[in-house]
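For CYS85, CYS90, HIS164, HIS169, the entry in TrEMBL reads Zn(2+) binding site. Annotation comment: TrEMBL describes 217-228 as compositional bias 'Pro residues'. Sequence annotations record features per position, and here TrEMBL assigns compositional bias 'Low complexity' to 229-238. For 1-28, 217-245, the entry in TrEMBL reads region 'Disordered'.
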Amino acid sequence: MRFKRNGSYTLNRKSKTKPNGKKPPAEEKKQYLEPEFTKIRVVDFDLKELVVLPREIDLNEWLASNTTTFFNLINLQYSTISEFCTGDTCQAMTACNTIYYWYDERGKKTKCTAPQYVDFVMSLCQKLVTDEEIFPTKYGKEFPNSFESLVKKICRYLFHVLAHLYWAHFKETVAMDLQGHLNTLYAHFIVFVREFNLVDPKETCIMDDLSEVLCTPAPPPAPTPAPSAPASAPSPSSQNHVTER
Ligand SMILES: [Zn+2]
């Protein structure tokens, strides 16, 4: 069975060059972990049911359909705060204690501002998901051998954008009352990439504290303290220099 996927996407973002004199938020405290925010979701059911491969659906079709949808939704979510994500406010693509560097097509490492990085991510994703050779929509057209690795690449970059939204723009998201959308999108995305092993856990571990809270189905009335493995939090000084895979 084939899904019909929409092949046209608009990068709906406002100009990022507008200086607004805002300082980067000092997120010593992770506001997004406060219970008053983590309890806000748009949907409240087990997201796992949404992500498992339905019977009779081709795996690649399922990955293509979901990846395309996540690209569109994350692009849209970013567009809601893009006017606050400028070369002044976000001089580097940061999330927790990580700085992401962009690697160009020749593998050259580039330091860039967050809006530049997001622009690179969205342009690349758009190019890939609309490429008929990579994300075929026509009946009988095969997915290329590189399909899975390209899906992984897209998901890894989309994760960086989500992490940056929480780390640097959660206050603005709350000001617009969009935290429920962000939480739902994030949880859905994480449950999806975990289901199909699309992003290396070493990559997503910087947000494990949030993932733990948001991706766990509603807690039972009388929670029993499960023996939990010691949290393997990344050392505060660890800088995750992203490498191409
Ligand atoms: Zn930013």
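Backbone N, Cα and C define each Cβ position, glycine as well.
Feature map: TrEMBL annotations on the structure.
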{"residue": "CYS85", "record": "Zn(2+) binding site", "DSSP (3 states)": "coil"}
{"residue": "CYS90", "record": "Zn(2+) binding site", "DSSP (3 states)": "coil"}
{"residue": "HIS164", "record": "Zn(2+) binding site", "DSSP (3 states)": "helix"}
{"residue": "HIS169", "record": "Zn(2+) binding site", "DSSP (3 states)": "helix"}
Listed in sequence order, residues not in CYS85, CYS90, HIS164, HIS169 with Cβ within 8 Å of the centre of the Zn(2+) site Cβ atoms: ILE81, PHE84, THR89, ALA114, PRO115, VAL118, LEU165, TRP167, ALA168
Cβ packing number for CYS90 (Zn(2+) binding site), 10 Å threshold: 24
Number of Cβ atoms other than its own within 10 Å, given for CYS85 (Zn(2+) binding site): 26
